[in-house]
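Heads up, the thing below is written out as structure tokens.
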Amino acid sequence: MYKKLAIATLLYSADYLPGVFALGHQVNKLLEEAGKKGDIETCLIVTTSLFNGTLSELAKNILQSIYTKIVLVEPLNCQEESIQKNSENLALLERPELSFALIKARLWELTQFEQVLYLDSDTLPLNKEFLKLFDIMSKQTTSQVGAIADIGWPDMFNSGVMMLIPDADTASVLQNYIFENTSIDGSDQGILNQFFNQNCCTDELVKDSFSREWVQLSFTYNVTIPNLGYQSSPAMNYFKPSIKLIHFIGKHKPWSLWSQKNFIKNEYHDQWNEVYEEFKEEHQLNNEVSKPKISDSDKTETPETITPVDAPPSNEPTTNQEIDTISTVEENVDNQNAEPVPNSDHSPAPNPVPLDFTKWLTTFINKDHLTNQPVNESREYSKENDNNIINSSSNRDQESPPNSTQELNSSYSVVSTQADSDEHQNAEEEDSTTDNASNSGEESHLDDISTAASSNNNVSNQPDGKNFSNSKENNISVESSPSNPEQKRSTDNIQKPSVSTNDLPDDVEPHTSVDDNIQYLEKDKEGYEEFLPDVYESNAIDNEEEFFDDDARDATEGETKTSAVADKQEDMKLTAEETNQPQQEMPNFKFDWEDSDYLSKVERCFPDDIFEYAVE
């Protein structure tokens, strides 16, 4: 085993500063746990312009307390040309910031160390077992690189975790190779594979004599976790006890603002947050620094200057800085108000509860054309919806079996004919005075029937113009109604659907909702449907007794009994026929509403405060 060992990481953008803090804190903790705190150094490689021009004094002091050695480096001499050359391949990754990762070639210049374990700043060692890599690669040569297969293409290695031997000659050859060749992915991983990985050699003759070698290590030393939640669950469960290190690949990191809101949380994401909270407690930053809000937007960063940068006259951040993640207490007051500091018990912050429960309830409903509707229009939608329901019920009533209604009409017409003939005979026997009285009683009784029909129409919910009665039903004689109460009830039921809009007040429209009809009935306290037949039947019978003598009444009662028996038999036949007829199936509302525009309006039926009780 080599004597001078180091664990190094790279900081080329302030966006990765939280990852550098958490990684350095965790590595020091595990080194102390393994008893190798003095045997293995921690090293941070950072660009000179970033360290002197962007980071604050507080950030610099913290970095110097975490890492035993900080190495300032300049961009590669060929970096501008390499960025332009690799721009097309880099665009495929949609990761423009990776163009600066070519500075990772500077790792082989760390000749002050004999062996280096490189870790990306978005990695998190889980336990001290990751230090076994030094034992596994104890006989490594300068032409070898120890790395783990990439999850995207296993014939290539992931450059986030690498074991390497610093060497000046290798560093020089590598930098020239970067200048002369185009990276597969436009970034450091592609070009390092082309340089060290024998699998990337397309020429079979050259492949056999390839001078450099990739030593493949176990995947448990670099378990890549994409932030979209994709992973091989069975393998993760099986090898979970053996995992030594987690790598948060992708553009969204655990500390980024997008991840804090949208990331599919898992135990490793929570573990990173716990480590970061421990780091803040150790450095007493809970009252000074809130959780950093790193923007996830893809920014086209300008290449850093190649010329060496002298020490600036002051350490204040420049005006062209990308982001000042950690600053003084006064600069972070707004950050504290913007996002609360997590609890000191290291428990992960709970997911925010959506306050707009109406939007949450109708997540699968297309509401685009209703989002900008005013409140009064939403009420109109509610009324239209109620009218649609009323119209549908009236249509169903109208579509009732026509045979039954026709047969009833025919039977009632026969009864009317018989009653008219009896009336004609009685009229010849009576004198003119009796005829006049009879006519006056007839008119009064027709008024009663008209009043009852109008009252029943107020109770019904049928729309205008839906008159189901024919001319024969409207011409029913006076004698047929009082002589047979059951016949009168049936006649009233047939006349009931007819609507008389003249009885409604002027301020009530015919096409109103059910609530308006109920309010109107409350104003008119008389005329309930179930009591109407008894009222006008009793009055009609009293009037009849005044105008008919005993002989005429006996004859009429005989005819009435005969007609009543015939009517009962006819009703029994109708009931049997209705029983034999197939019952009309009601529409399946569970599926019919999918074809209508009901869903576009249903959200407006919910009051805005319906879910307020659930919000604390």
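Just so it is clear, glycine is given a Cβ too, placed from its N, Cα and C backbone atoms.
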* Asked: Asp120, Asp122 bind Mn(2+) according to Swiss-Prot; which of His25, His247 goes with them?
  -> His247
* **Lys104 (site 'Important for catalytic activity') to Asp120 (UDP binding site) - Cα separation in whole Å** => 10
* Structure fact -> Smallest Cα-Cα separation from Asp185 (UDP-alpha-D-glucose binding site) among the binding-site residues Leu10, Asp122, His247, Gly250 is shown by Gly250
* Residues near the Mn(2+) site, Asp120, Asp122, His247 excluded, by Cβ within 8 Å of the Cβ center? -> Gly19, Leu119, Ser121, Thr123, Gly160, Val161, Phe248, Ile249
* Structure fact -> For Asn158 (UDP-alpha-D-glucose binding site) and Asp122 (UDP binding site), the CA-to-CA distance in whole Å is 13
* Structure fact -> One should report the C-alpha separation between Gln189 (UDP-alpha-D-glucose binding site) and Asp120 (UDP binding site), rounded to whole angstrom, as 12
* Going by DSSP, give the three-state secondary structure for Leu10 (UDP binding site). => strand
